[in-house]
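A.B. asks: Mind having a look at this structure? Questions to follow.
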């Protein structure tokens, strides 16, 4: 049984795509650019707000999709955050079963954290507003350190904060970024199938792929009575018990 479980936020605990899409489209509209639909934005998220903005404008031939640090992208990022940060709860919802599993884990003394590329302020506001903050012991966001995922530094900082070693923790994410981060930090990792991955989740090399939190709870040894179970696809036969 892991001593700590560390979750990604967007696409793992929380469906935040509507609010991200709305803020991004407001930013695009300021430059007289057409709005993007949620399917397009979904393919752009996962590596921080800077790259989200860079990818959105690159779709219109403005800047490079892989460069979040140039002057123009930084200015666009500031405008995006001005739209998003005041109300990160807009259109956001908790994935079914997430709160129940967090509560069950915390009740058994499992230390919980969130490691996200979302800026720390909006991330904490989102957790608080959606009722997820109480069991979460710490949050490391995309601007907490100089590095962000897939660099292992944010995850390692969270391990230190929670007081656990890498092999005593489990990372739960939804994307190649989460898997790469966990592997670089030496943390076992599983992924949720419903999130914002741009690649097939079965190909990411995680220990297991879960379709819902009830199935993840079963695997962890915390079954949720009455929870909807869509299934799990283990990549390995063992569980962390």
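Just so it is clear, glycine is given a Cβ too, placed from its N, Cα and C backbone atoms.
Annotation comment: Swiss-Prot describes 8 as active site, nucleophile. Positions annotated as Mg(2+) binding site by Swiss-Prot, on the basis of sequence analysis: 8, 10, 174.
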A.B. asks: Identify all same-chain residues not among 8, 10, 174 whose C-beta atom falls within 8 angstroms of the centroid of the Mg(2+) site's C-beta atoms; report them in sequence order.
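C.D. replies: So the extra residues in range turn out to be 7, 9, 11, 12, 13, 14, 46, 116, 173, 175, 178, 192, 195, 196.
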A.B. asks: To the nearest whole angstrom, what is the C-alpha distance linking residue 174 (Mg(2+) binding site) and residue 8 (active site, nucleophile)?
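C.D. replies: Cα to Cα, residue 174 (Mg(2+) binding site) and residue 8 (active site, nucleophile) are separated by 7 Å.
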A.B. asks: Do any residues at least six apart in sequence from residue 10 (Mg(2+) binding site), in the same chain, have a Cβ closer than 8 Å to its Cβ, and if so which, in order?
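C.D. replies: Listed in sequence order, they are 16, 17, 20, 45, 46, 116, 118, 195, 196.
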A.B. asks: Does residue 8 (active site, nucleophile) have same-chain partners at least 6 apart in sequence with Cβ under 8 Å from its own Cβ, and which are they?
C.D. replies: 114, 115, 116, 171, 172, 173, 174, 175, 178, 195
A.B. asks: With every protein chain in view, what's the tally of Cβ atoms within 10 Å of the Cβ of residue 174 (Mg(2+) binding site), excluding that atom itself?
C.D. replies: 29
